[in-house]
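What TrEMBL says about this protein:
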SIGNAL    1-21  signal peptide
DOMAIN    17-220  domain 'GH16'
ACT_SITE  Glu105  active site, nucleophile
ACT_SITE  Glu109  active site, proton donor
CARBOHYD  Asn113  N-linked glycosylation site
Amino acid sequence: MEKGVLFIALLISAFYSSSEAADSQTSFEDNFSIMWSEDHFKTSEDGQTWYLSLDKETGCGFQTKQRYRFGWFSMKLKLVGGDSAGVVTAYYMCSENGAGPERDELDFEFLGNRTGQPYLIQTNVYKNGVGGREMRHMLWFDPTEEFHSYCILWNNHQIVFFVDEVPIRVFKNNGDEKNDFFPNEKPMYLFSSIWNADEWATRGGLEKTDWKRAPFVSSYKDFSVEGCQWEDPYPACVSTTTKNWWDQYKAWHLSDSQKMDYAWVQRNLVIYDYCKDNERYPKLPGECSLSPWE
């Protein structure tokens, strides 16, 4: 997997984004606003690590002040340790502040579990309020012991979900009218939140949240974005340009080393893929026919 990480590092350094793209800063106040329950949000003394907590009363969440259309979005998270059944930590991009009926959305959801059982990571894609594109993966490490990076590469050709810069999911766009399920028109905010979802999150809702273990705390640091910051009516950096590495040809496809990492993930860590669920989808969605290797 080291080669895949090196490729991303070289790509970023070789094609550093222009002044049209958003500056990357680590200050929470510069980048984010609290969505709700400010008393459930804390920072470290130096302000570089942020904590969201969940108790029986409420959870907490934050969102970026800016919207983006295309780019590279990265955050390091350390998830709730111990018995986290029923608890969901969400890290996602969405075109609306709420779960509106016409929203576009790109999701990482971390599904808690009983002590000793592994976390599951669920990804999903929405377009115009329609989702149903779930995949679930196991992880190759314990995400509660230390921080790990979770990243999204989004351009007009593909959406790639990365864990520690290893691609775990590729969602392609071939520009064909028959493949109309690719969110590429609406700018999105980036969000994170912690909340109770024990009606579905752990073993389909069989395992409930143990509130005696509250508060449940998720931790964040090192937010980084190199993307096209939205400006009404239409920012120039949305168009393909040689100034932005995340929208150049090399970012339209996985590299050879990334393909090796991705193949390993597909063989060993995928536990659910909607494109293989013929009972749910007797006729598979059109994008399922697109190859992630191209």
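Each residue's number is its place along the chain shown, starting with 1.
Placed from the backbone N, Cα and C atoms, the Cβ positions cover glycine too.
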Legend entry - Cβ neighbours within the same chain of the residue listed as 'active site, proton donor' - under 8 Å, at least six residues apart: Val88, Thr89, Ala90, Tyr91, Tyr92, Ile121, Gln122, Thr123, Asn124
Inset, instruction - Tell me, roughly as an integer, the mean pLDDT over the domain 'GH16' (17-220). - result: 90
Legend entry - Set of same-chain residues at least 6 away whose C-beta sits under 8 angstroms from the residue listed as 'N-linked glycosylation site': Ser84, Ala85, Tyr119, Leu120, Thr202, Glu207
Inset, instruction - Give me the non-local Cβ neighbours of Glu105 (active site, nucleophile): same chain, 6+ apart in sequence, Cβ-Cβ under 8 Å, ordered along the sequence. - result: Tyr92, Met93, Cys94, Ser95, Asn124, Val125, Tyr126, Gly131, Pro183, Met188
